[in-house]
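> Grabbed the feature section from TrEMBL, which reads as follows:
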- B:8-153: domain 'Cytochrome c assembly protein' (DOMAIN)
- B:40-61: transmembrane segment (TRANSMEM)
- B:82-99: transmembrane segment (TRANSMEM)
- B:111-127: transmembrane segment (TRANSMEM)
- B:139-159: transmembrane segment (TRANSMEM)
- B:188-207: transmembrane segment (TRANSMEM)
């Protein structure tokens, strides 16, 4: 477990480095009198719900793919021996 | 470094794209509105498809030089993944068109070109399934795959630019450069292209390994 955490560290650092500027820019508000955008969705905070849902769906699917990958690796080893 | 580092990179980039793609500010344009964010999801499908189909042709050429069942499997699974990406690209483009151009499908050279190219690749799958002899199937579908790629790429990227088209990147329209000039969008768009392309390669790799394993198990049973 400790070993896998250490392996994940560069990935987590990369994710943080990518996300920090996003939060920074997203915090700035836009001027009025421009084409309609989903500003009210953001004011209500609801867009974050959508972001969370999409992230969970994507993470779930990617986790499934990664576990299929691991199972396949084990099976490949078994067939080779 | 483990040889699976690119899969971790794929996960990180796709999760980043899901969050940043929805939250990062985008240019405020009429008609497009928030749908401009589709750039991070619709366009990378075509990038990913192009790269994976190119990989498929690469394996096909290698198969013709040294015919092994492994190269045939790699080429076939890469082509199948590319076809899946293309179909998803057509479907997402159709939805986007409905809410910006007002129709699910328009007789636009870019759209029809992409549809014809997908039909050419559909014929690849039909052709493959029509052989019983494995070597014949592998050889003829490798040759067809090369021709399919050479025909499909002009249909996607060259012919639509020669006429008028609604679609960005066609009819003398300099791709998405108009929106892409926005440096905030670049911060998400380029990781999106890399992330979705890596996902295509990951899917093709898992599918190929499964087919290879099946082949090995059959060979063991016969021996």
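Placed from the backbone N, Cα and C atoms, the Cβ positions cover glycine too.
So where do these features actually land, and what's packed around them?
Proximity of distant same-chain residues to the transmembrane segment (B:40-61), defined by a Cβ-Cβ separation under 8 Å and at least 6 residues beyond the stretch ends, is recorded for 17, 21, 71-72, 74-76, 78-79, 81-83, 85-86, 88-89, 92-93, 96, 121, 141-143, 145-146, 149, 152-153, 156, 176, 188-189, 192-193, 195-197, 199-201, 204.
For the transmembrane segment (B:111-127), same-chain residues at least 6 beyond its ends with a Cβ under 8 Å from one of its own Cβ atoms are 53, 79-80, 82-83, 86-87, 89-90, 93, 97, 105, 140-141, 144-145, 148, 151-152, 155-156, 159-160, 167.
Beyond the ends of the transmembrane segment (B:188-207), by six or more residues, the same chain brings 6-7, 9-10, 12-14, 16-17, 20-21, 24, 39-41, 43-45, 47-49, 51-52, 55, 74, 77-78, 80-82, 84-85, 180 to within a C-beta distance below 8 angstroms of the stretch.
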> What mean pLDDT score does the domain 'Cytochrome c assembly protein' (B:8-153) have in the model?
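The predicted confidence over the domain 'Cytochrome c assembly protein' (B:8-153), as a mean pLDDT, is 93.
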